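Here the structure is laid out as structure tokens; the discussion comes afterwards.
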Amino acid sequence: MSSSYNTIALSSTPTFLLSSAAAGPGPNNFNRQEAAMTMVQQQPTSSVAPPPKKRRNQPGNPNPDAEVIALSPKTIMATNRFLCEVCNKGFQREQNLQLHRRGHNLPWKLKQKSNKEVRRKVYLCPEPSCVHHDPARALGDLTGIKKHYYRKHGEKKWKCDKCSKRYAVQSDWKAHSKTCGTKEYRCDCGTIFSRRDSYITHRAFCDALIQESARNPTVSFTAMAAGGGGGARHGFYGGASSALSHNHFGNNPNSGFTPLAAAGYNLNRSSSDKFEDFVPQATNPNPGPTNFLMQCSPNQGLLAQNNQSLMNHHGLISLGDNNNNNHNFFNLAYFQDTKNSDQTGVPSLFTNGADNNGPSALLRGLTSSSSSSVVVNDFGDCDHGNLQGLMNSLAATTDQQGRSPSLFDLHFANNLSMGGSDRLTLDFLGVNGGIVSTVNGRGGRSGGPPLDAEMKFSHPNHPYGKA
């Protein structure tokens, strides 16, 4: 009874002393607080620190008293070091050889454990440039020196069938084969990695690429043109992507694409479908001319890149190669009109339909009320002499190829607005304005003698009056 009472008194003493010390200042408060802190610190501890375990030396840090053994590469790489003198059978361990000698009735003995402390052995790497060739960095295990030599200086003969990794030690290959393919790190882009470090490196690059693409959204205009049959065929060259900027379409009042907007093309769209009308919807297996459609003065900002000097002189329409066939003579799909449609809008810029048989497409396009007036007005700033030189070259090329002279049976309704007469500079075909243009761009003769007959009676001094 008294013992339990003493225990309760001892357990409650610190609390009582602390509360008394906190009650207020007094002559004995400091001594009581110091005694309470001493009792708290003197609580018995039952845990005793265990003695440190003896650990073996780390690889490359041998015991200074160990015996240093240097083996040759041939000895290290030998699979069977211990040979039987009777049958020349080899064994990896001496104990196995001794057990084998029993079968030959030869004296044998196994190593017996002695009470004497055995001196440890360390092994040097035979490669002079290796760090373990130094006795201070020798390896303390015969199997360890063998694996080290195979891994660092030997041939990797073991190959994984799943990931094609090669190993020099068979145990390493077996350990890898058990885990190969079980751990997969899959990136959002679809790439699969078996190693985490490779996955982290790839993921950092992949995320950076996604962020860069999100900050700079661009339209791959070359890819869009290539999807329609090739960029060069439709007139997209090196400077096309820079010329097709937003300033050329919506913000530049002097842009050469003003007639397209007036003809019904919506050029103020979002970036995703801004170039929808300029991408061909159907491919043409026949290669077209390599020049772009139109080119005017440099201040009009058109999409023109020429590689022939003819474009610099004519300024409006680029002639193709003389070896091209009839329907690829001009890259004039801008003025194209289909035979099975009565729509009056301007067709696709780069579509080369099957019904545009050569120069007749130029006639139909230029005489249509929806395209000729707009195009002529827009190109009113071009030099009138360029237009004259253009028509002269057209006639010369046509005469060389033996094509129909009706190509030049043209009549511009807005020629008066350009400061000229009611016809072009020279009536080099003797037509005298005999063309009637319908609304849908289908032109025809309104009467009079055939064109061939008129050309026979044309002015004899005219350079293009002869058939």
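Just so it is clear, glycine is given a Cβ too, placed from its N, Cα and C backbone atoms.
Keep in mind that what you see is a predicted model, and the values were worked out from it rather than measured.
Range 195-207 is the one annotated as region 'SHR-binding', of 156-168, 182-194, 195-207, 299-311 (source: Swiss-Prot). Note on Ser72, Ser297: Swiss-Prot annotates phosphoserine at Ser72; no matching annotation appears for the rest, which is not proof of its absence.
Per Swiss-Prot, the range carrying the annotation zinc finger out of 123-153, 247-277, 371-401 is 123-153.
The average per-residue pLDDT of the prediction over the zinc finger (123-153) is 90, rounded to a whole number. His202 (Zn(2+) 2 binding site) and Cys163 (Zn(2+) 1 binding site) have their C-alpha atoms 18 Å apart, to the nearest angstrom.
Geometry remark: Cys163 (Zn(2+) 1 binding site) versus Cys187 (Zn(2+) 2 binding site), CA distance 18 Å. Counting only same-chain residues six or more apart in sequence, the Cβ atoms lying under 8 angstroms from the Cβ of Ser72 (phosphoserine) belong to Pro126. Here Cys187 (Zn(2+) 2 binding site) is positioned 22 angstrom away from His176 (Zn(2+) 1 binding site), judged by their C-alpha atoms. Around the Cβ of His176 (Zn(2+) 1 binding site), the number of neighbouring Cβ atoms within 10 Å comes to 16.
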